[in-house]
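Going by TrEMBL, these are the annotated features:
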- 12-33: transmembrane segment (TRANSMEM)
- 21-215: domain 'NnrU' (DOMAIN)
- 53-71: transmembrane segment (TRANSMEM)
- 98-119: transmembrane segment (TRANSMEM)
- 177-193: transmembrane segment (TRANSMEM)
- 228-250: transmembrane segment (TRANSMEM)
């Protein structure tokens, strides 16, 4: 069975193989190191949680970065068949198509969410640094909901999802669908995993006043979109502007 699967895999276009193999390697290492028994042993081995997170993040970045780099250098003809033409209709200019506008909007929002999650790392459950309060009296202040947390408590994860969906509109081959389509699928697993971990440490009000699904808490009247945007730091907006400029206007 494995021999037949390998033979079938070998016949796939080069770009499809790169995207598939890269994400399989990413999933295997990520899920293994995230498994609680393995994670605890690794933390003990590394000395503390921060060191473990640095190693964990380095491995993930190396695999994902290598996959994206190799795929970006793959000619379109080696990325598999065309599966849609939503980015540019036959009778439309590129900039007037709905697919183009939706792609730009999704990628821009994704860049905003991810960039803010790094600028304000203390609000990000995926941050590399420990952010748990040492003084019980500071718990409510530490977990005060602000900024993009009012939209979703997993804004970095959903930033990747928005960016991936926008990229799936902008790119239309089988390899593209695998490369970018993997991100929302793996993100769903990541959110489930993070929710389990967060509920072991964060207070109940944090979950009562926020939502997993973006904008759910806003629509339910628990949070304000205006407050969320006003509470985002100027540094986040500046960094996002730089990131978006490089994404869309870099030669």
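Backbone N, Cα and C define each Cβ position, glycine as well.
These figures come from a predicted structure and were not determined experimentally.
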Per-region confidence, the domain 'NnrU' (21-215) (mean pLDDT, whole number): 83
Close approaches to the transmembrane segment (53-71) from elsewhere in its chain (Cβ under 8 angstroms; 6 or more beyond its ends): 15, 18-19, 21-23, 25-26, 29-30, 33, 42, 46, 79, 128-129, 175, 179
